[in-house]
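One structure is given below, encoded as structure tokens.
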Amino acid sequence: MKVYIETMGCAMNSRDSEHLLSELSKLDYKETSDPKMADLILINTCSVREKPERKLFSEIGQFAKIKKPNAKIGVCGCTASHMGADILKKAPSVSFVLGARNVSKISQVIHKEKAVEVAIDYDESAYAFEFFEKKAQIRSLLNISIGCDKKCAYCIVPHTRGKEISIPMDLILKEAEKLANNGTKELMLLGQNVNNYGVRFSSEHAKVGFSDLLDKLSEIQGIERIRFTSPHPLHMNDAFLERFAQNPKVCKSIHMPLQSGSSAVLKMMRRGYSKEWFLNRVERLKALVPEVGISTDIIVGFPNESDKDFEDTMEVLEKVRFDTLYSFIYSPRPFTEAGAWKERVPLEISSLRLERLQNRHKEILEEKAKLEVGKTHVVLVENRREMDGQIVGFEGRSDTGKFIEVTCKEKKNPGELVRVEIISHSKGRLMATTKGN
């Protein structure tokens, strides 16, 4: 039996797809990259914005046309959670619907016609996803929590993934050790608010915080680097930032989702912090780790966002000079506070704001890239670079999250840590050669 999985959206969804495959492997399913050959087609969905949700029904239609006569189509993930049985009504070719909090039930629902399992109070945190042998990965994803207790006015995630629960540390360490034994060098820890880890477990467990978890993971032999996403700025107190700075295996790059640079908009968004708080946290972080790489999310066109509000966002962009920017026009979502508001920023204005934001960020990246020439970084080799069938180097990321293309004559294998020197840049991209390895 063969399964094809189409994954939309975030890293959390990618990890959920791995869990789906893990469960199905117990029933002797093998993954295929060709949906035409699959006995089971799974679409793991995203509902953070409207666009991927619209794409879902287009994908269902395409798969229905090309699938084998008896193949089943299942819709999983966040859109499944909030649309539930409505998906079956809109797309009769779908055999079952499986919500984001119900991944472990996949082996049950594939045997039920028109099944709908979308309860968000189902506790998957106590479920030990069994490690299954797969192709060795240099970088692996690892859940440390599920759900979200925040009530951001624009976000549907609490409705699709339920209340926040931390996964017991012993299960996390056990899986991390198995990943390390299978060749993983870098862990990416996943959670809606990873740095809030330990606030609530599904059952009685010894109190442990996120920084303690990072320290324990750092002790695992074979794990060279640890990253995490997505932390919440509200939980970036001095103690957390100091532990982040001190742990040598924790990469010195961090995601700090700003969302807006306007304190007024942040208040409407129910983010719990102000522009001043955010800038204070960045200042403290850079004092501890001057070379830190910072990425962020920004939403433009949030209801009632004024010209001044947007200028506040541009001001924060100039002050922080983010290394990576994920930026979007506000998308109203069902079951959210802001989704019910009548006030809307005209699309033309939102589009112009987004264009200006992104263009300025591109300029900032170019300015920062110029300053990198002559500097050295340690890169984790991810892929070899080839030209005319010959290996000419490799590419990978630095500790600070910079993607670097390296030219070298020596053969370097994926998973190696290699010191390189930046020699040039192009449109924000960094090029390097090996140095003193």
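Even glycines carry a Cβ here, placed using N, Cα and C.
Within CYS46, CYS148, the residue that Swiss-Prot lists together with CYS10, CYS78 for binding [4Fe-4S] cluster 1 is CYS46.
Rounded to a whole value, the Cα-Cα separation of CYS155 ([4Fe-4S] cluster 2 binding site) and CYS10 ([4Fe-4S] cluster 1 binding site) is 14 Å. Each residue in the domain 'TRAM' (370-436) has a pLDDT score, and their mean in this model is 92. Taking H, G and I as helix, E and B as strand and the rest as coil, DSSP gives the domain 'TRAM' (370-436) the counts 3 helix, 42 strand, 22 coil. Least packed by the Cβ count within 10 Å, out of the binding-site residues CYS10, CYS78, CYS148, CYS155, is CYS10.
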